[in-house]
């Protein structure tokens with residue numbers, strides 16, 4: 001289908017939406033932004049997808065060797081096309097699924113292990129409905145009492161491993177506690193990061209794993225040249241960040257930043273006032289002196305946002321911070337401290353190219369189908385019209401399934417269900433002023449550019465159905481039937 005669509009597209013259609021554009025959820029003028037802040041992983045440093053199989057394999061082996069899981073789990077390999085970001089996992093039901101902005105499970109996107117769960121079973125599991133009550137959903141940081149939302153890009157191998165382990169246990173009839181299995185997989189993935197395995201792989205071959213380093217250098221240099229102040233707040237250790245930034249920017253990379261903070265322990269960095277800043281020397285050793293100011297060219301560890309604001313006086317909308325994790329990087333900054341925020345969504349580039357394809361397909365099919373339907377309905381009786389409409393809706397549903405598969409065969413787009421935005425999209429709109437595929441998109445705009453969100457009409461502002469048009473011919477049809485109520 002992808003090859004067919006590619007052959008159908010005329011060259012000019014590829015400009016329908018620009019994958020290198022910046023998209024605005026809220027009006028923001030870069031002229032007013034004086035200070036730019038950045039996360040490191042998947043913001044300043046974009047990583048190749050070849051990193052995900054390494055994480056998957058290492059965590060899988062940790063499960064077998066340290067948690068004594070069955071040897072048969074080693075047969076599973078990482079499938080990069082299985083999961084998408086933003087999915088929810090019901091721990092007690094072992095269900096991985098996509099949920100829309102109104103907390104409804106998108107039917108056809110629920111998986112237990114590697115097998116799809118029939119729609120009827122999903123509805124039965126949730127008491128005869130697709131809706132999941134709010135109290136069961138993820139909390140502010142994507143962690144609820146029974147449902148976890150996978151929000152960052154590093155969670156892709158975690159979802160894949162979780163599904164493979166469940167698949168093995170179910171396939172071999174092994175009894176297991178869902179909560180224990182979930183925690184073990186999560187801890188194994190965490191161990192890959194805590195033990196520094198991922199850092200070692202990247203440091204050994206930066207050309208293989210780090211992408212767009214020259215573009216990162218161009219963005220930072222351009223901002224500094226225009227008098228902007230820069231800072232870095234990351235959870236990664238200094239030695240890892242230092243080697244990556246030397247690779248992308250050069251040995252003097254710290255001279256571009258006014259403040260550099262490593263091992264910040266986000267998101268608690270934004271809410272916990274107790275942890276003080278500590279200075280690191282060139283070898284990464286901690287100093288014991290009290291921090292009374294944050295100096296350019298120095299490295300600081302941990303700390304908290306409240307001391308950061310007090311020492312820098314960088315407050316409110318003159319600060320724009322970029323990160324890839326909607327909860328850990330952006331939510332607190334926007335809601336509690338008034339900073340402007342930018343979300344880095346690498347998947348956006350591929351999704352936009354598919355959207356361009358989808359729009360072209362729909363412009364050919366739906367206009368023709370709807371025109372023919374309206375013509376036939378004008379001549380048919382009511383019952384026949386309903387049959388025609390039902391047939392058309394069935395055809396439309398089939399095409400939706402094809403469209404879903406263009407994004408991801410199991411779960412579709414990370415931004416949209418069939419009818420509504422996804423829960424991920426809802427959070428993206430709520431916690432980011434801007435979003436883009438990579439930091440390099442800033443190079444396409446002036447440093448004083450103003451971004452305006454698309455004005456989306458409210459439901460009562462733009463008629464969609466015939467009953468919403470003021471034609472003068474529609475009265476209250478059931479007024480006479482209600483006369484007895486008075």
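Numbering starts at 1 and runs along the chain as it is shown here.
Cβ coordinates come from backbone N, Cα and C, glycine included.
Among the features that TrEMBL reports, active site, nucleophile is placed at 39. The active site, proton donor feature in TrEMBL is assigned to 41. Under the heading Mg(2+) binding site, TrEMBL lists 39, 324. What TrEMBL records for 41 is GMP binding site.
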Integer Cα-Cα distance in angstrom, residue 324 (Mg(2+) binding site) to residue 39 (active site, nucleophile): 8
Listed in sequence order, residues with CB under 8 A of the residue listed as 'active site, nucleophile' and six or more positions away: 232, 233, 234, 266, 321, 322, 323, 324, 325, 329, 344
The residue listed as 'active site, proton donor', number of other Cβ atoms within 10 Å: 23
Neighbour tally for residue 324 (Mg(2+) binding site), based on other Cβ positions within 10 Å of its Cβ: 22
